[in-house]
Amino acid sequence: MYKKIKLRDQQISELINLESKRQNSQIELIASENYASEDVILANGTSLSNKYGEGYPGKRYYGGCTFIDQIEKIAIERVKKLFKIEYANVQPYSGSSANAAVFAALLKPGDKILGLDLNAGGHLSHGYKINFSGMFYSGISYFLDENELLDYEAIEKIALKTKPNLIICGYSAYSRKIDFARFRQIADKVNAFLLADIAHIAGLIAAGQHPSPVGYAHIITSTTQKTLRGPRGGLILTSSKEIAAKIDKVVFPGIQGGPFFHTIAAKAVAFKEALEPWFKEYCAQIVKNAAHFASEFIKKGIRIVSQGTENHLFTIDVLSSYNLNGKQAQILLESVNIITNKNTIPNDTLSPFVTSGLRLGTPAMTSRGFKEQEFSQMAEIIDFVLRKKELNALEIKEIKKKVKILTKNFPIKKSYWP
């Protein structure tokens with residue numbers, strides 16, 4: 001496929017090759033990024049891209065759907081087995097699309113959504129004003145306590161006072177485990193639906209490295225590209241036949257047209273991989289690496305939000321630790337081929353475009369084979385760069401050399417994990 005692109009569109013071909021080289025030559029520490037396997041990438045770039053077919057298996061509005069029906073059925077059965085749940089919709093184009101479908105299925109315009117404050121680790125699609133979820137629904141926030149942990153009693157008080165129609169748990173920058181059972185207790189007290197958005201931790205849940213929301217959340221949404229190592233896409237899970245029927249009607253014809261069958265095939269491949277024994281080892285290593293990585297910074301006196309991690313990510317308070325904002329830290333590290341992202345922290349005083357924090361994650365480099373030793377090296381390099389603030393040409397050259405050795409020893413195409 002890429003060869004044909006090169007022959008017919010040299011400009012795009014060159015940019016694809018440059019991006020591939022960039023990924024291979026840089027250390028990827030963005031918590032929401034990962035490396036899909038060759039099988040997933042191959043499945044995502046097939047003749048399935050040519051096929052259109054609205055509806056669901058056996059109930060399409062177009063002919064010629066024999067094989068795509070089988071593919072979608074396989075994807076559904078695999079993800080149901082993976083999460084031990086009764087119903088699944090694998091058609092959502094993204095995690096935000098999945099959330100939009102849930103809101104449309106269960107809520108009326110103006111209904112109340114209770115989610116974690118964005119600065120504290122929530123997500124735009126959890127009721128934030130500039131997002132559709134805050135435009136069509138009334139977003140209410142809960143917050144972390146003084147130790148930067150979920151305060152379930154405080155959340156319950158807010159819920160009892162505001163009477164939300166939907167409560168969301170599941171985050172983009174929260175490094176501790178979530179008590180889904182406690183959230184369900186809160187939801188039941190106010191007769192609210194409970195949505196678990198597990199976009200970041202889906203792989204960890206499937207591998208038994210984080211408690212599962214199945215049996216507690218009325219409905220579950222996720223992306224497929226993060227810790228699941230699949231293609232970019234979304235999914236919706238539920239144990240309720242009634243909710244499943246509502247979701248199916250909203251996904252199509254409610255908010256989407258024809259599914260991306262090439263992506264559904266790639267999802268199916270990723271789900272199969274996640275059912276393999278090695279995937280549990282991989283996710284266990286993600287968690288070990290993150291805990292070790294965070295502890296290395298803590299030893300150096302660096303402030304980590306909530307003082308550690310129990311999943312795949314953590315956030316450094318770079319403003320108090322290095323007298324840098326998140327944007328400055330991100331740019332500094334990218335200058336030596338280490339890719340991170342600026343991130344807000346609880347009670348952040350800086351704008352989301354600047355931030356006081358820097359979020360770090362271990363899934364991508366764990367995919368390439370990094371273990372505790374390599375993450376110790378990364379902590380040393382990152383700490384040095386952020387303390388120096390201004391690197392001279394020789395220092396930049398030396399650090400880039402260290403990064404090059406690591407990326408060469410742990411290439412993407414020879415990932416430690418199948």
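Note that Cβ sites are derived from N, Cα and C of the backbone, with glycine treated the same way.
Using a 10 Å Cβ-Cβ cutoff, Phe353 ((6S)-5,6,7,8-tetrahydrofolate binding site) registers 10 neighbours. Taken from Swiss-Prot, the feature (6S)-5,6,7,8-tetrahydrofolate binding site applies to Leu118, Gly122, His123, Leu124, Ser351, Pro352, Phe353.
Long-range Cβ neighbours of Lys226 (N6-(pyridoxal phosphate)lysine) (same chain, at least 6 residues apart, Cβ-Cβ under 8 Å): Ala31, Ser32, Glu33, Asn34, Ala199, His200, Ala202, Gly203, Pro363. In the three-state DSSP reading, Lys226 (N6-(pyridoxal phosphate)lysine) counts as coil. Sequence annotations record features per position, and here Swiss-Prot assigns N6-(pyridoxal phosphate)lysine to Lys226.
Here Ser351 ((6S)-5,6,7,8-tetrahydrofolate binding site) comes close to no residue that lies at least six apart in sequence on the same chain with a C-beta under 8 angstroms from its C-beta. The most densely surrounded of the binding-site residues Gly122, Pro352, judged by C-beta neighbours within 10 angstroms, is Gly122. Secondary structure at Leu118 ((6S)-5,6,7,8-tetrahydrofolate binding site), taken from DSSP and collapsed to helix, strand or coil, is helix.
Neighbour list (His123 ((6S)-5,6,7,8-tetrahydrofolate binding site), Cβ cut-off 8 Å, at least 6 residues apart, same chain): Gly115, Tyr171, Ser172, Asp197, Ala199. Taken residue by residue with DSSP, Phe353 ((6S)-5,6,7,8-tetrahydrofolate binding site) is part of neither helix nor strand, so it is coil.
Of all Cβ atoms in the protein chains displayed, 23 besides its own lie within 10 Å of the Cβ of Leu118 ((6S)-5,6,7,8-tetrahydrofolate binding site).
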